[in-house]
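Following: one structure in structure tokens, then a few remarks.
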Amino acid sequence: MKQSLTPQITAGIGMVLALLILNAATSYRNTLKLVENQRWVSHTHQVLTELEATLSTLKDAETGQRGYLLTGEERYLEPYHSAIARINQQVVGLQQLTADNNRQQQRIRNLKIAIDSKLAELEKTINLRREQNLEAALRRVKSARGNQIMGDIRQQIAAMTAEETQLLQQRARESQASANLTILTFTVAALVNFLLMVVVYYLVKRDRTLRDNAEIKQNQLLEQLEHDRQSLQLSEERFRRAIIEAPLPIMLHAENGEVLQINCAWTELSGYEYSEIPTIEDWTEKAYHSRQSLVQADIDRLHQLNARTSEGEYMIATASGETRIWDFYSAPLGKLSDGRSLVISTAIDVTARKQAEAEIRMLNATLERRVELRTNQLQAANEELESFTYTVAHDLRAPLRGMQGLAEALLEDYRDLLDELGQEYAQQIVNSGQQLEALIQDLLAYSRLSRADLSLQVLELESAVAEAIAMVKADAKSRHAQISVRSPLPAVIAHRLTLVQVIANLLTNAIKFVEAAPPQVQIWAEELELPQEGQTDRDIAGELERQTVGQWEHSRLLTASPLLPVALIRLWVEDNGIGIAPEHQKRIFRVFERLHGIESYPGTGIGLAIVKKGVDRMGGQVGVESQLGQGSRFWIQLRKHDANADDFAGGR
């Protein structure tokens, strides 16, 4: 094809060159007419342009009319109004341009009549649309009168265009003939035409080169397409092999239920061959039996989702009659060549896992029963121990008071008969009795906290702190202690006597465990951040534990959802004492736990245990932040009073 075109192109170039030389030879005698003919040629072009503009203006008017008919919006009439304003000027221009041609003048008069009819028709349909409705306007349009008028206009313009075109051709021939008559025109035209042919020949040669290069690129593209086709075929083969050899059951099926492929794992685990389940309906019938309709409905919904989804776990019946549990997942894989949607479904056999979970649940249930039994036994033992402690402490008070009374009477009545060593022994008996009396009092207080029925109510921390400060006023004065309270302190839910005792014990500790300097004690409160939506009780407790450097204990208030607090108040008691090493901070809240000898810091070793027991009974927590030699910050945490909530009442 390429070689057959080359001689034709060369011959064509030769013919064009010959014609151009001939035109150049005859151009001399048309030189005198050239300028006049060119003027008429330009004039004819102007007439043709005006005819095209007139027809275009009518089309704009029709466009505006149609837009308004379809939408009823006045803004679509802008082209129509613009055309109305231009059309008369264009007709007048045509009359002036063709004033020398009687036939054209007659056609213009006919054209003017047709244009007026067309504009009247357009205005009529617009008024019908505006005043009545779209159907009335469409009936007017469908009457075909507008098309007939427009056809007449086109015929008039076509006739005028044909005549002007004929005149244009005639004047062009005359101009060419006139140009060929001049020697100068002949010489210049011959030279220009010759150069033009050289350029044309160069362009043809370049076109041939470009076509050759295009053919080379086309061949390269074909080779690349063939390579891509082979790669795609190889990828498809690998994909099919991956599906067949995959360890999980896989099925490819179309949206109409046709099963296109199942892999070896599907057959091995279910026992069904591809020939046995050619459709999803066959699969559901064999695998689900009476549950087929329910499962089929789920599969139908899957085809409508067109997204990866988990179908859930289903019990299937294998070919051997065994019942297995499969967890199904499905995802779309695009379209098949016939337009059907392709879906891939995979499954995981979770039968063993489900059996293990059932066993774990049974073990957990057994363990919970054992824990509950052990807890009840431990609680009973603790109650017996507390009862025993209370009884022992109570029964020790009578003989202890007798011993104290005899020792004090001995010192008062027989001091003069005793030497210094005897007086010292008697005084030691009195002091030991006082220490034992204090220990018994604390033991009884601790036991009462464990056994008493505490009624919780709304308490102002301000008043509770003030009562506690009054209780330790004498001790604070003797130690020159300064106690400052940072107000305001909010209201909490607590038991008054227990809360006052707890704060007093913390103040006593803060005043007592200071070496040389006067004790400096600061008291303030803060509201903890409200739990976020979706947090569980365990989450709240964990967050509080992370916020605290010291050790604290969980309370029943945070582990029982019905009493979960809206907000929590933390009361701080900070001192400038000797501090507590981190490894000892947990044990100080136990009964009889002392970090120092009684000769250094007197006490019973039960004060902080009473603090913890009291706070626990009020549904709160207690903790400490401290470093050795840097003072301590004890805190208790209680539920904040919510003024908008119902009255709170309860016992522990």
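The backbone N, Cα and C atoms fix where each Cβ goes, glycine too.
Note that the coordinates shown come from a computational prediction; the quantities given were computed from them, not determined experimentally.
As recorded in TrEMBL, the features of this protein are as follows:
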COILED    94-121  coiled coil
DOMAIN    235-277  domain 'PAS'
DOMAIN    310-362  domain 'PAC'
DOMAIN    391-642  domain 'Histidine kinase'
TRANSMEM  181-204  transmembrane segment
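Taken residue by residue, the domain 'PAS' (235-277) breaks down under DSSP into 21 helix, 10 strand, 12 coil. According to DSSP, the domain 'PAC' (310-362) comprises 12 helix, 30 strand, 11 coil. Averaged across the domain 'Histidine kinase' (391-642), pLDDT in this predicted model comes to 73.
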